[in-house]
Structure formats: C-alpha cells, structure tokens
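What follows is a short report on a single structure.
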Amino acid sequence: MVGGPRVVVALDFSDRKQLDEFVAKLDPGLCRLKVGKELFTTFGPAIVEQLQARGFEVFLDLKFHDIPNTTAQAVKAAAGLGVWMVNVHASGGRRMMEACREVLEQESHAPLLIAVTMLTSLSDEEIVEIGFPCSAQEMVGRLAVLAQSSGMDGVVCSAQEAPLLRRAHGEEFCLVTPGIRPAAAAADDQTRIVTPAQAITDGSSYLVVGRPITRALNPLDALQQIVKEVESV
C-alpha cells in the first residue's frame, strides 16, 4: 500500500501569496501536500488542481461526515478532482463508509479512502467528556476495526496507536499519522505526538507534518531533514 513520498505537508494557509511562495520552495519528489478545510474553503477546488499541476499529489483532508449518500457523493467529487487520498469520519458508521467504497469502485480514478478514528488533539479526558467511556487508544481500536471491515484502505491515527493497529490489521492497511514533530519542535495543539523516525518504526505508512516545515526559515531544508530521518529507519 505504501508508495511514493511518505511525508505529507499540511498546507495551513489563508493567504494566497504566502501559499504560492511556500509551495514553490518544495520538491514534489520529496512530499505530498495536504489540503484541509481552511485552504479548500478559501480557494475552492481550483487550488487542488493548481497544486497537482505543479506536480504534487494531494491528500484532500475534509473529513466528510454525513448521511451515506451525501458523503459518498462528496467522495465521488473528490475522486473527480484526481486527489491521491481522501478521508471520512469512521464514526459516520458502516453504511456511510461502505457507500463511499461502492461509489469509488465505479470511478476510473479511485483515491486512497481513509477513515479518521479520533482527532489527535483529543485527550482521554476530553474523549470521556464527549460521551465515549474509554481511552483514546481503545476508541481508535474499535473504529479501526469498523473501518477495515467497511472497506477503508486505512485510518488516520496517532503513531502511539500505530503498533497495535499494525499488528491487528496487517501490512496492507494504511496508517496515516499526524502529530509528527521533530524532536526540537514544540507540540503546538496536538497532544499525542512522536518523531518521524519513531512513527515509521511504530508502523505508520504516511506522516503528516505541518508547522515544523511551514514555519521553518528554510522549508525545503526542514523537509529534507525529515525525509532523511524517515529513510534512515
């Protein structure tokens, strides 16, 4: 399941000039790009096409979560944009995820279909507060089982959950890990974080990295250092 660059740079920009200047500094041979809600809402589908025209594969990180037909049609639209990866919330349930898988089977281009388990910003206390009487790790495990049995290609998870998920779901199940920070970087707002080398060792397939690259004085150098660390494992 793993192929191509394993580092995915999160583009958290709202200013087009800053975005263009930043992307121009990156090498599509070293990374893929993640387009999230802020960027997509600000610039629309055209930004995906423009990034792809620069040679980058795009992870469309919109975390779709709705009734089955609505979510499936959104995933179909993402496939029509030619994205490399798209995600939905596993908590949307089996019928929703199966509807998304079924609609992609009819498309000439099918992106990787990934389920979000629990957001990496949530602590165990917050997970209990919103109504799940278990730890983050337990909830991730339950949702990952549901996702795989519903036809998902993999899940988004913290690298702290990756070893257990890798053992439980096999080598072909894709594990996409945000919350990646080089050792010297601050944790920012993601509670469950690990370094790139540790994440790969623990079984992660792809690493989502944001601020350590986007806020670096030399983004390409920061990217190269992370890629080097990943390839050293």
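Just so you know, the numbers here start at 1 and follow the chain as drawn.
Note that Cβ sites are derived from N, Cα and C of the backbone, with glycine treated the same way.
In sequence order, K37, N87, V88, H89, V116 are the residues near K63 (active site, proton donor), counting only same-chain partners six or more apart with C-beta under 8 A. Here Swiss-Prot flags K63 as active site, proton donor, drawing on sequence analysis.
Look at P68 (substrate binding site): DSSP puts it in a helix. Long-range C-beta contacts of P68 (substrate binding site), restricted to its own chain and to partners at least six residues apart, with a cutoff below 8 Å, comprise G92, R95, M96, E98, A99, C100. The substrate binding site annotation in Swiss-Prot covers D12, K34, 61-70, T120, R181, Q190, 210-211.
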Using DSSP, would you call K63 (active site, proton donor) helix, strand or coil? strand
Neighbour count first, Cβ atoms within 10 Å, every protein chain included; then name which of D12, L62, T120, G210 tops the list of binding-site residues. T120
